[in-house]
């Protein structure tokens with residue numbers, strides 16, 4: 001049986017701790033990592049100090065006709081700053097791409113009730129695809145600070161390997177593949193399935209759903225704990241609207257406050 | 001802690017200020033992380049059904065110009081969970097609570113309302129205008145006879161709690177529906193719910209929402225909500241009205257109060273800024289300081305017009 005971890009239950013009668021609300025933060029750096037992929041560095045001490053890998057922030061455009069926030073997984077932290085990485089896919093992300101150092105942006109977060117659980121010592125396999133890679137960069141950053149873990153990253157790209165350099169700063173065991181060459185399963189199947197049989201194996205995955213489903217199945221056959229970071233169209237991001245649900249064995253479940261990280265065995269694929 | 005001096009009265013229930021949350025955009029465990037719920041006039045909880053509802057498939061939300069289209073389909077854990085969790089928590093935090101009641105059939109509504117009899121809920125809002133469920137909701141609220149019969153039955157079931165009927169904007173004449181609700185015993189009216197809308201993904205050619213259509217809310221619907229409140233206030237000079245639709249700052253809240261509402265609810269704007277209901281309540285306090293005639297009418301349970 002794959003290993004599982006338990007999900008903490010909430011006490012409905014407890015008064016929740018007050019969280020910082022929507023706020024305006026400075027843009028520190030804007031860097032293109034590929035043609036349409038941008039890394040944004042923002043200054044927010046609360047996010048930089050408290051965000052856990054898998055958690056996300058909501059960013060708001062300045063455009064009064066585009067009011068809804070967009071969720072982005074935290075890709076790394078440094079001092080009082082944090083980064084997010086996004087692709088320009090629509091008008092909202094195009095507006096974010098025009099931000100420059102010295103500009104400001106409105107944000108909320110960090111959000112996400114369940115982050116990647118990195119407590120387990122042993123081997124970690126980080127399997128990311130496309131724009132699912134950024135949360136794994138942050139997981140790798142945190143794992144690099146844990147001496148009882150060893151991290152291998154398997155990254156799949158449509159074309160440009162935009163995150164390899166950043167992942168290599170966290171782990172030398174970084175492997176990647178582009179669509180023209182194959183997919184992450186191609187790489188996974190070339191690995192020694194259980195390099196350290198005496199060590200527990202934890203898989204963290206984020207990317208397109210079919211990829212994560214294949215990774216989940218690979219984890220099942222290799223007796224690994226698999227944690228999936230799920231994506232869904234979001235409304236508020238903080239649990240009020242109940243728009244961002246995915247089907248799980250517990251019913252329709254919010255990706256924002258009950259995720260975005262789930263044990264892969266709870267997802268109805 | 002803000003001190004509020006400009007209260008209002010909605011169907012005999014005192015509110016410390018005229019600002020409440022709108023159903024569907026407030027959830028105790030989420031919203032209480034951002035402000036003190038006892039500082040609002042009231043909070044309206046999500047539609048609650050007799051048994052847990054799983055809601056609609058995802059995607060459930062799509063952005064639209066100055067608004068959002070949603071089709072959650074009233075996912076909720078049911079009245080028993082609500083009575084054991086959300087309601088006691090909110091009352092313990094000092095909130096005035098409006099419980100939104102949902103159903104697919106008249107019997108569903110009756111079951112929920114019966115269980116709310118003698119509960120600490122301050123008001124009930126009967127959801128007869130949700131555009132996202134196949135049965136109940138909008139199909140009740142668009143037919144005056146069905147609505148009259150439902151409210152009459154609910155009134156017999158629960159004599160204690162003041163109830164407000166949540167009327168749909170998408171009817172030929174909203175005043176006919178409003179009169180049917182009040183004739184049957186509704187103490188107040190909540191105007192308006194979302195309007196039916198949709199968005200299409202131009203890459204796939206398919207609707208963005210899994211349920212095809214959803215309810216449009218946000219600043220885009222402000223003028224529609226105002227027109228409906230104005231119209232019903234003209235037809236029913238003495239019925240308490242809670243104005244809802246597109247309120248995104250204290251000035252737009254004020255527009256509803258001038259249109260004849262006794263109080264207002266903040267909906268989609270709370271999804272863009274979790275603290276918005278609290279911020280708007282604070283800003284409205286200042287605007288009412290500057291408008292003593294309006295403030296006096298509201299405090300006396302009357303309306304501007």
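Keep in mind that glycine also has a Cβ here, set from the backbone N, Cα and C atoms.
The substrate site recorded in TrEMBL includes B:70, B:71, B:72, B:73, B:74, B:127, B:193, B:194, and the single candidate from B:46, B:91, B:156 that the record places there is B:46. With B:23, B:46, B:47, B:127, B:192, B:218, B:245, B:246 listed by TrEMBL as binding FMN, the candidate from B:100, B:149, B:273 annotated for that site turns out to be B:100. Following the DSSP three-state reduction, the secondary structure of residue B:127 (FMN binding site) is strand. Around the Cβ of residue B:47 (FMN binding site), a 10 Å sphere holds 28 further Cβ atoms from the protein chains shown.
Chain A comes within the C-beta cut-off of under 8 angstroms for the following of the binding-site residues B:47, B:194, B:218: B:218.
When the Cα of residue B:127 (FMN binding site) is compared against those of the binding-site residues B:46, B:71, B:73, the shortest separation belongs to B:46. The 10 Å shell around the Cβ of residue B:23 (FMN binding site) contains 27 further Cβ atoms across the protein chains shown. Here the candidates are the recorded positions B:46, B:71, B:73, B:130, B:194, and by Cα distance the one nearest residue B:218 (FMN binding site) turns out to be B:194. Counting only same-chain residues at least 6 apart in sequence, those with a Cβ under 8 Å from the Cβ of residue B:130 (active site, nucleophile) are B:47, B:74, B:102, B:136, B:137, B:138, B:193, B:215.
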